[in-house]
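Here the structure is laid out as structure tokens; the discussion comes afterwards.
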């Protein structure tokens, strides 16, 4: 009745779903009590106030259909008749609109005509304050500005060194002019000796300062690189589990590897070339003093470089995008193949996998070749402009010398100065491909760094867990357009109770425990531990006090002791051994040559499946968690290993709340209570013998199947 009543107020339903989308928990009845004073549903004003009370930024706007693709989605389409719905995505290519029908509780795809018929031009845009902060801190090229400010002293020193280098670069052509126009004409050997010594000193200082500048600059950029690498890894581990479930491992790895491109760019010559280019204005002034005509030729060539770059850059960027996509596909396929090597060999499908790899590799090499060809065309275009300018300057300069407007020394000095101006431009043009690649890398890396993390700040860190668990009116789906996984689930688990959860595959058993670990927030309802809403709790505080053992557990490439004591490397050995004994792992560990110092190999490859599982159980027990979850934890064990664990189960469960998820009913038959789930709902609950008395029940049916 309560759900139907809430469904009648589509504004409240929309607010609940949008809050859940932004990882904010709410109690619909509390919102209704505070803001729906007349009982007729939330008005536009009360809806905006309710959103504000939840720390959501909501804005009512009027928008034409042709401009809907520009707004941040999902958004609420407000209807004066109360038939509100959510706009999730706009497909401009096919003129289709992905919406969510709040009344029917289902996603819908509307055509242009269908959408126009129900759209009244009113939208409510919703963002969370956390997402606004995330947008302000968006990772792009502006991310490096605070880093430059942080190391401004070092960059100032680099700037000062660059000034001296430019002064030396300015003096050298003047020496050559004096030699040509004065020394050679007047045969002044003493003057020549002085100039030669002075030039040698200038060259030595120039080499030393140039090396010093490169060292200081590389040192600074390396520190920025370390900061970026550390920030990236911390951010990656802080992302919600849904981020990883929706992306291929290889794609994520490929994006992280883009850090290498940024590193090479920062520590290369590109930024020092920019500094050199800034000082070109001084050289232009000196060159203008020598010959305005020749200077105009040099100035006239600069737009040619710029126009050529503008022409080539968009094409190059598109091809770099394609190259990255092919590289990411290869990375993902390689990771998938290595991970599934046992299956590939067992099914003898290596030829098919090799054929797929060859095709993907050929596609990558082809896209890489197109990038190389285009980059070569770009560089040769720059060389063509440079050579053309050199020929024009030679012809015009010779005419000026012949007419007496310019001396030979001045012409040589001018050409040397023009080289100092053009060289940074040439280097930047040749490094343009690197800059484009870095732009792609920043965008790809930004997909990781700009993804919202799990929110820890402002969450409650509560006292030690006792173990009371409550699921109230839980409704959950993994995506807005996905089917409902849990529907109106209500479950109370008392402190110290051992609960078994059984049911067919896909009935929602594991999803229930994911909500308990706060990997997700329910679309509707609350998950409480000791009366505290987990939506308001610090996830780290919660997960440190819950032990979890899955069917397929991952061990790190470390020693057995380090794997068991993963959460506390300084843990006393006695605690490690005690947990291993509880898990039935101590005996086989003691038989190993290195004992607890045995390296298990990547993902525990050096151990059998049963041994890996027992170490994982010991890892879950070592922190003495008040809540323990076994999610098909014993299904992969041999009967002897399972027997050892089941013998210790009473001691394992002592003083804890335990949730056992199993397909084998023998695993849960001694539980205090057994919960039977079907299609996201609890259909039966009771003790083993009580459930068997209902011959028409699902539990009795599953039990009979296993007996047969």
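Glycine residues also receive a Cβ, built from the backbone N, Cα and C atoms like all the rest.
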Which stretch, out of 249-269, 270-290, 333-353, 354-374, is listed as transmembrane segment by Swiss-Prot? 270-290
Transmembrane segment per Swiss-Prot: which of the ranges 137-157, 221-241, 389-409, 410-430 is that? 389-409
From the ranges 192-212, 444-464, 465-485, grab the one Swiss-Prot calls transmembrane segment. 192-212
Per DSSP, residue 505 (ATP binding site) is which: helix, strand or coil? coil
Centre the Cβ atoms of 503, 504, 505, 506, 507, 508, 509, 510, go out 8 Å, and tell me which other residues of that chain have a Cβ in range of the ATP site. 677
CB neighbours of residue 505 (ATP binding site) within 10 A? 7
Return yes if the transmembrane segment (389-409) and the transmembrane segment (192-212) have at least 3 CB pairs under 8 Å (sequence gap of 6 or more), otherwise no. no
Cβ atoms within 10 Å, counted per site: which of 507, 510 has the most, among these binding-site residues? 507
In this structure, which of the binding-site residues 503, 506, 508 has the fewest other Cβ atoms within 10 Å of its Cβ? 506
